[in-house]
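Student: Pulled from Swiss-Prot, these are the listed features:
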- 4-24: transmembrane segment (TRANSMEM)
- 51-71: transmembrane segment (TRANSMEM)
- 78-98: transmembrane segment (TRANSMEM)
- 106-126: transmembrane segment (TRANSMEM)
- 133-153: transmembrane segment (TRANSMEM)
- 171-191: transmembrane segment (TRANSMEM)
- 207-227: transmembrane segment (TRANSMEM)
- 235-255: transmembrane segment (TRANSMEM)
Amino acid sequence: MDELFKAIILGIIQGITEFLPISSTAHLVITPWIFGWSGIVNSLSFDIAVHVGTLISLLYCFWKDWINIFFRERKMLLFIIIGTIPAGIAGIAFHDLIESALRHPLIIVVTLILVGFLMLYAEKVGKKLIRSITLSDAVVIGTAQAIALIPGVSRSGITITAGLFKGLDRAYAAKFSFLLSTPAIAGAAMLDFYKSIKIGHSHDYSLFIIGVISAAITGIIAIKFLLSFLQKYPLNLFIYYRWFLAVVIFLLYFFRN
């Protein structure tokens, strides 16, 4: 199959699933596995592209917030820095493990189900208050973001869940989750770029551009949709989807093996 077509499809999947609480890694691992795709799946050009694309989505949707954070809300900037540290440490320390052993389909099945139950419980017990982020919130949600490095967990899913457990309003927890993910995604893009330089990887710029555009456009749509959705509805729709996806992956794995 044409590599450009794969880039478009996987870029769209990345843009949508990076920001919805359904795990982008699960979808990017499972989609090529289902269709038997190779090539672009292991391309550093594409890895960098989707990170850049989703970063563009975040900056487009929250550039006004970032201006306020840098020039007026310095405390929020400090909280974002503190919240980014756990994921940074975990990403460097466990990178090889995450990229190899933890990408097994059955591990993704387990994490999809377990985090779904966590999301459901958080919806029931969370107080959902509209209040300012505290240092404690930043530490807890930042630690949750580190856990999201495990495939199937979902960065937005686990961080919004952590915010709900801390008593934050659903939509506000999602917004802080997105702000917190910005430096993490930027860091991932820079790490991949560094790896590409280190190994002398030659970039396929057509795949890069297609990946950036498809991930950025769908990412913007996904962010705006989720923030609007969570102002009115609970996380149940995404919880049920996670469980459905887990069953599909398990059945496919069972019948293929």
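Keep in mind that glycine also has a Cβ here, set from the backbone N, Cα and C atoms.
As the structure is a computational prediction, the values presented were derived from the model and not from experiment.
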Student: Apart from its near flanks, which chain residues at least 6 from the ends of the transmembrane segment (207-227) lie with a Cβ under 8 angstroms of it?
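Tutor: Counting only partners 6 or more residues beyond its ends, the transmembrane segment (207-227) has Cβ contacts under 8 Å with 3-4, 7-8, 10-12, 14-21, 40, 43, 45-46, 48-50, 52-54, 56-58, 60-61, 156, 171, 174-175, 178.
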Student: What residues in the same chain, six or more past the boundaries of the transmembrane segment (106-126), come closer than 8 Å to it by Cβ-Cβ distance?
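Tutor: Counting only partners 6 or more residues beyond its ends, the transmembrane segment (106-126) has Cβ contacts under 8 Å with 21, 23, 25-26, 29-30, 150-154, 157-158, 160-162, 164-165, 167-168, 170, 234-236, 238-239, 242-243, 245-246, 249-250, 253.
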Student: Which sequence-distant residues neighbour the transmembrane segment (51-71)? Criterion: at least 6 residues beyond either end, Cβ under 8 Å.
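Tutor: Sequence-distant neighbours of the transmembrane segment (51-71): 11, 14-15, 18-19, 77, 80, 175, 178-179, 181-182, 185-186, 188-189, 192, 211-216, 219-220, 222-224.
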Student: So which residues does the transmembrane segment (4-24) touch in its own chain, when a touch means Cβ under 8 Å and the partner is 6 or more beyond its ends?
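Tutor: Cβ under 8 Å, 6 or more out: 31-32, 37, 39-41, 46, 49-50, 53-54, 57, 108, 111-112, 119, 151-157, 160-161, 178, 185, 206-207, 210-223, 225-226, 235, 238, 241-242, 245.
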Student: Could you name the stretch, out of 78-98, 171-191, 235-255, with the greatest number of CB pairs under 8 A to the transmembrane segment (133-153)?
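Tutor: That would be 78-98.
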Student: List, by number or range, the same-chain residues at least 6 past the transmembrane segment (171-191) whose CB is under 8 A from its CB atoms?
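Tutor: The answer is 18-19, 48, 51-52, 54-55, 58-59, 61-62, 65-66, 69, 76, 80-81, 83-84, 87-88, 91, 130, 133, 137-138, 141-142, 145, 155-156, 159-160, 162-164, 223, 226-227, 230-231.
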